[in-house]
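What TrEMBL says about this protein:
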DOMAIN    16-156  domain 'EamA'
DOMAIN    165-296  domain 'EamA'
TRANSMEM  12-35  transmembrane segment
TRANSMEM  41-63  transmembrane segment
TRANSMEM  84-105  transmembrane segment
TRANSMEM  111-133  transmembrane segment
TRANSMEM  140-156  transmembrane segment
TRANSMEM  162-179  transmembrane segment
TRANSMEM  186-207  transmembrane segment
TRANSMEM  227-246  transmembrane segment
TRANSMEM  253-274  transmembrane segment
TRANSMEM  286-302  transmembrane segment
């Protein structure tokens with residue numbers, strides 16, 4: 001049994017999708033400030049508390065709306081719908097991996113690199129389409145994909161290391177976005193299942209951390225830290241829900257424009273708020289990445305306009 005949102009292609013749905021998408025990416029863009037508040041706790045502890053807190057919030061909402069029966073029906077249906085079950089397991093894994101990379105990036109002082117990786121994400125999605133779905137690119141689109149690759153190679157040469165934060169944050173989110181486009185469930189139901197799938201691993205890790213004496217939450221490290229850890233699930237659930245609502249309602253071109261709010265904010269925070277430097281080592285790769293983005297978006301706009309001109313007029 002699956003639940004699909006109605007009229008996803010209507011103008012009203014598109015407007016609601018744009019509003020939800022903008023909200024999601026602005027919150028994500030400001031999230032490094034919140035991660036820094038939690039910096040004393042380990043990244044895995046923060047992630048596990050986020051999973052549990054978000055699940056409580058999502059289940060509370062579904063209970064208030066009388067939708068737990070709908071969720072139960074979807075879960076029962078997964079026994080016979082293996083493709084959907086695999087999609088949700090994949091979404092849960094790549095979502096958690098992406099959150100972990102974000103937290104680690106901030107708490108290890110790599111916010112600018114995190115922002116660079118987020119700029120790479122849309123073009124990483126294009127690369128995934130070519131490799132796994134055998135999508136065809138025009139010569140111009142190939143240039144738009146290869147330019148960021150050159151930028152990453154320059155960054156590796158300048159840093160003397162592989163920028164794992166940038167590569168992982170872009171690849172995990174590109175895969176998660178591709179999976180979410182295929183999941184035919186409402187935002188709340190989909191996220192409830194995704195978080196439920198990660199509940200046992202999260203709980204087991206927190207139990208291990210408690211026994212090992214490494215737990216920060218409620219262990220005398222300050223009321224401010226305890227409150228920030230307590231509400232991490234609620235704070236991070238909001239953009240996830242907004243994105244899950246927006247993704248099926250928007251064409252990829254529009255979603256592609258909106259998602260640049262996130263890396264712009266993150267990179268700006270890295271320089272202006274966290275005091276990280278933006279040297280030639282980061283700036284030159286960024287110029288290659290931005291050039292690739294501009295070329296790809298321009299070619300997409302031209303292709304869409306051409307398709308609209310070639311579309312036969314409606315009769316009657």
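Backbone N, Cα and C define each Cβ position, glycine as well.
Under DSSP, residues within the domain 'EamA' (165-296) fall into helix, strand and coil as 106 helix, 0 strand, 26 coil.
Long-range contacts of the transmembrane segment (111-133) within its own chain (CB-CB distance under 8 A, at least 6 residues past either end) are made by residues 32, 101-102, 105, 141, 144-145, 148, 152, 155, 163, 165-171, 173-175, 177-178, 256, 259-260, 262-264, 266-271, 274, 276-278, 282, 285-286, 289-290, 292-293, 296. If you look at the transmembrane segment (286-302) against the transmembrane segment (186-207), you find fewer than three C-beta pairs under 8 angstroms, all six or more positions apart, and that falls short of contact. Tertiary proximity for the transmembrane segment (41-63) is limited to same-chain residues at least six positions away from its ends with a CB under 8 Å from its CB atoms, namely 35, 70-71, 96, 99-100, 103-104, 107, 188-189, 191-192, 195-196, 198-199, 201-203, 205-206, 209, 214-217, 221, 225, 229-234, 236-237, 240-241. Proximity of distant same-chain residues to the transmembrane segment (227-246), defined by a Cβ-Cβ separation under 8 Å and at least 6 residues beyond the stretch ends, is recorded for 16-18, 20-21, 23-25, 27-28, 31, 34, 37-38, 41, 45-46, 49-58, 95, 99, 180, 187-188, 190-191, 216-217, 255, 258.
Summarised by DSSP class, the composition of the domain 'EamA' (16-156) is 121 helix, 0 strand, 20 coil.
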